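The annotation transmembrane segment is assigned in TrEMBL to 12-31, 43-64, 76-99, 111-127, 134-152, 199-216, 228-246, 282-303, 315-337, 349-373. What TrEMBL records for 18-374 is domain 'Ammonium transporter AmtB-like'.
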Amino acid sequence: MSANYRNFRNSVPWLILFLEAVFIVLFYFLFSQGDESRSMVSYAAFQDVNHMVIFGFGFFLTFLKRYGFSSTGFNLLIVVLGVQCSVLIEGLFCFLLEIPHKDGLKRITKAAVSITAVVISAGAVLGKANPVQLILMTVVEIIVFHVSKWINSIYLQVPYDIGMMNVHLFGAYFGLAVSSRFSEPSPRSEKNASTPKSALLSMLGTLFLWVFWPSFNSVLSVDRKWEVAYNTYFALAVSAVTAFMFSAMTTKDGKFRMAHIHSAVLAGGVAVGYTADRIRHPWIAMILGLLASVITVLGSYCLQRCLNPALKIHDFSGVHFTFGFPAVLGALAQVVLVTAENGTSLTSLGYSVMFHIGAFCVTISMALITGLITG
């Protein structure tokens, strides 16, 4: 995938073998006891998340014609390695903090949700990183994401399911930080080009993600699971309608641009992931989906023409305005809804707002700093 790909080709199988051997040994020590408890997550919900991560993101990144097979193949490699690593890190934290954790299906579902951060980051370095770099990035990012999640959960008292929704924010800015350390391909290079076939496959991935996003947001919710899925669907529906509307409004000939629709139809699902458990009325989710879609379409113009060249960011897959901006909007919406709920108690309101803003700052700071170091 990069100019140095051949130099690392012989190292790939040995690195995978080494990691798999380490995983097997650690699984032996951490998960030797059987798991006979009843799962809090249904197998159907786990399958929805699994399909979303494998099929959805696998096809979502096929828009570059030179890396269609690489995006789907390396996506699978990243997911299967990352899920094992995520389960181990989660088990290690539970062991150190003496937290009982016997629900095996929920454990692997959490890992599948966590690996979304790495898959999003991989979109930012698509066409620049070779397999060894992608594997090492996967291991480092999973570890750092779990550290930031536990900091938010233990010290800032952010609910666990809300902390897991930081995958979009963390993955987008970690990937952008890593990408900034790579040399930028020429604008006229084949690496930037796409074909109608690759664009069609990428849109197929978007459809997979859109269909399974309500399950993704609601799978780890303890209470009000169906309400979370309900609000997520309406946010996605409005963001899709808004994407078509703004795409036609922002083009000279009034035609739809699939580049806009490809990104903006998912914005509502990303934004509402933070707030779906606090939304009491569907119209709130619909407004959030509309705003998320608008900032995604407008953000694609501003970032690609102004901000990205100035900061030397090359984001071919648009993870910044597809996942980063809607995630920031969702974090701000979370603060607004917390303020609305606790408006009568100024003391509890101050603490709640401070903790949620602190969780946002911790997540994005750790993503950017560790992303730069990793890159």
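Counting begins at 1 with the first residue displayed.
For all residues, glycine too, the Cβ spot is worked out from N, Cα and C.
On a predicted model such as this, the values are computed, not experimentally measured, just so you know.
The transmembrane segment (134-152) makes contact with the transmembrane segment (349-373), as judged by at least three Cβ pairs under 8 Å among residues 6 or more apart in sequence. Sequence-distant residue pairs (6 or more apart) of the transmembrane segment (199-216) and the transmembrane segment (43-64) include at least 3 whose Cβ atoms are under 8 Å, placing the two stretches in contact. At the 8 Å Cβ cutoff, the transmembrane segment (111-127) and the transmembrane segment (315-337) share at least 3 close pairs (sequence separation 6 or more) and count as touching. Residues 77, 81, 84-85, 87-88, 91-92, 95, 131-132, 135-136, 139 of the same chain sit 6 or more residues outside the transmembrane segment (12-31) yet have a Cβ under 8 Å from a Cβ within it. Averaged across the domain 'Ammonium transporter AmtB-like' (18-374), the predicted model reaches a pLDDT of 83.
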